[in-house]
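S.K.: Structure provided below as structure tokens; questions to follow.
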Amino acid sequence: MLSTGQLIWISCRPLFRLIICVGCGFAITKSDIFPPVAARGTGQILLNITLPSLMFSKIVPAFTSQNISALGPLVLVALLYEGMGMLLAWLVSQFFWVPHRFRWGILVAGGWGNYGDIPTAVVMSVTGAAPFNGLVDQTLSVAYISGFLLVYMITFFPMGGNRLVGLDYVGPDVEPDEVQEAIRRRRKVIFFEWPRRAVGFLRNRTSARLNSDEKTVPGEETVLDVEKPQRPPLAPKHVSFHQDTGSPAVTEPLEGWRSGLTSPALTATAIDTMDALNVVDGPSATPILPTAAARSPWMKRRSSIYANLRTFLRNLFLPGSVSILISFLIALVPQLKALFVEVDGTYIHPAPDGGPPLAFILDAATFIGAASVPMGLVCLGSALARLSIPRGEWRSLPRGAILGFAVCKILISPVLGVLICKGLVNINVISQEDKVLQFVCIFFSCLPTATTQVFVTQVYSGTGSAEHLSAFLVPQYILLLPAMTALTAYTLQTLF
């Protein structure tokens, strides 16, 4: 059992390294030493070289046929967290007004967290020291992080999560006053109309139950006899007669009018009649035009399907995703894994130095991948430094939505994450003996919005700005440090 001081120090120590790296990126950006072009190039190096190398260097030696079963719970927890985050963001948008150009962006901000540099830095630091098993658990933890990264890369890019951001910029903008008025009406319905209707419904049920009880007492026949004459006769209400002819009127036109409303046959007949008139009046009409018009939607649909499939495959085979998939394949095939690391029971002719023949590739991947975490944290600090915060316009910002979203994302989400992971442990979905897996799954519930959304928003906005997202990001990172420290300390206390 760890003491309180040890828990606090172990929980705070990784954050010091994180703050220093992020602060360096923030400082050099504010000093104009790290311009946007350099940051963009560093991001490309991070995504296409250092991060794939890090994943390869950790997955290949860490995963075996014995612990590959942990990949299923990792994917399940990652999907649950994405769904839970989007649900919390949707609830915030139902009670607080959100800018029209951020109505879909808030769902993306809630569903996809920062699964890259922050968790990798903190988890590697915590699992690399006591009470964990040093380098072995550290390597295993990064391999487990790859499961979350794989889900993120597949759902955000190939499956179209990033396209939700583009929906914010479809159609005309709506003034904030109109959005606020709609939210006020919605809150009125939720807090006043629904309770009033619920009370009325309960009263009706109670009165109906009392009436049913009264019908069981003697005198039921008398009550029925009194009620029967009150029912109006049917014939005079539906048929009227003229004095001169004595024949019913209005009934047949009404029936035809009603059938025209409820039946599509009238519409089809009218369209056919107009088509026939057009054919007679226009001698130049030919039967080829309807065929071309009928084929045009199918051609458009097929080209759209091909374009979406091409985009899906292109995003699926990004260097990060390919590296993770290849790493899993090598780790699960003993003959392939023995080319990079020593495997018990599998013999591969060694290299001249006595090691595996392809160990130098793993060494190079480890060397390059070591730059991934600090480089990512520097880029994170640079991105935070470039956020445009409207200092004099806080009154016009959706303060309720900003604070509510930050509380849901950083404070409520970890509580729900702990409950989800504990429940999965109780039903043996997550192994109770695998402390590293439990720690990684719980830790990923307390992550802020991914900074990747900033770049995606800048692309879709057309103006290169992401002012709404910037206001939602800052409070999350302010709450992140104490929340992450408390969550780490609690998790270590429950695990050890």
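Including glycine, each Cβ sits where the backbone N, Cα and C put it.
Features from TrEMBL:
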TRANSMEM  15-33  transmembrane segment
TRANSMEM  70-92  transmembrane segment
TRANSMEM  104-126  transmembrane segment
TRANSMEM  138-157  transmembrane segment
TRANSMEM  312-333  transmembrane segment
TRANSMEM  364-389  transmembrane segment
TRANSMEM  401-425  transmembrane segment
TRANSMEM  437-457  transmembrane segment
TRANSMEM  469-492  transmembrane segment
S.K.: Between 104-126, 138-157, 312-333, 437-457, 469-492, who has the most Cβ pairs under 8 Å to the transmembrane segment (364-389)?
M.R.: 104-126
S.K.: Are there residues at least 6 beyond the ends of the transmembrane segment (401-425) whose Cβ is under 8 Å from a Cβ of it, and what are they?
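M.R.: Sequence-distant neighbours of the transmembrane segment (401-425): 73, 76-77, 80-81, 84-85, 88-89, 91-93, 95-98, 106, 109-110, 113, 431-432, 438, 441-442, 444-446, 448-449, 471-472, 475-476, 478-480, 483, 487, 490-491.
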S.K.: Compare 15-33, 70-92, 138-157, 437-457 by their Cβ pairs under 8 Å to the transmembrane segment (104-126) and return the stretch that comes out on top.
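M.R.: Per the Cβ under 8 Å count, 437-457.
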S.K.: Please identify the stretch among 15-33, 70-92, 138-157, 437-457 with the greatest number of Cβ pairs below 8 Å relative to the transmembrane segment (312-333).
M.R.: 138-157
S.K.: So which residues does the transmembrane segment (15-33) touch in its own chain, when a touch means Cβ under 8 Å and the partner is 6 or more beyond its ends?
M.R.: 39, 118, 121-122, 125, 373-374, 377-382, 384-386, 481, 484-485
